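I have placed the structure first, in the form of structure tokens, so that the comments after it can refer back to it.
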Amino acid sequence: MAFLVFAFLTLMAVETYGSLFQFRLMINYLTGKLPILSHSFYGCYCGAGGSGWPKDAIDWCCQVHDCCYGRMSASGCDPYFQPYNFSYINKNLQCVETDTSGCPRRICECDRLASICFQQHDATYNSSNIDPKRKGCGTKSPPCPN
């Protein structure tokens, strides 16, 4: 039991730096869910890595988000650890970076759009799609949208 507590706390500490922490806050604000529990191993794309065909609308949100992070990485940004500023006022998320062309703003937009996608499809959330082993995902993946 002590090992499980240690592992959980370590995972929480590792993933609270930079934009991953802010992304979690956005998801929590819009869905009321704790992303470390609700989205970390959801479907074929939510959480670290991803391949195969998305299982549902929530998983599609994650696939599109992975593609967005891929574009950020390809352009020299670090979407996992680059902090950014955002506001949440009257149930509205806004990226508030002053440099609208810089990495922080673009990464924030990736996270904001994914969080809104989760909110829009929250009624379809299916806890049976949580699977750390990602069974049934296959190898054929959809192309990233432009």
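Glycine is treated like the rest: Cβ placed from N, Cα and C.
Ca(2+) binding, as stated in Swiss-Prot, involves Tyr45, Gly47, Gly49; the candidate among Asp56, Asp66 given for that site is Asp66. Swiss-Prot names the disulfide partner of Cys61 among Cys117, Cys137, Cys144 as Cys117. Only one of Cys46, Cys103, Cys108, Cys110 is recorded by Swiss-Prot as the disulfide partner of Cys77: Cys103. If you go by Swiss-Prot, Cys44 shares a disulfide bond with Cys137, out of Cys137, Cys144. Swiss-Prot names the disulfide partner of Cys110 among Cys67, Cys68, Cys95, Cys144 as Cys68.
Here the disulfide-bonded residues are Cys46, Cys67, Cys68, Cys103, Cys117, and the one with the most other Cβ atoms within 10 Å of its Cβ is Cys46. Cys144 (disulfide bond) has a Cβ environment of 12 other Cβ atoms inside 10 Å. Checking the recorded positions (Cys62, Cys67, Asp111) against Cys44 (disulfide bond) with a 10 Å Cα-Cα cut-off leaves Cys62. Counting every protein chain shown, the Cβ of Cys137 (disulfide bond) has 19 other Cβ atoms within 10 Å.
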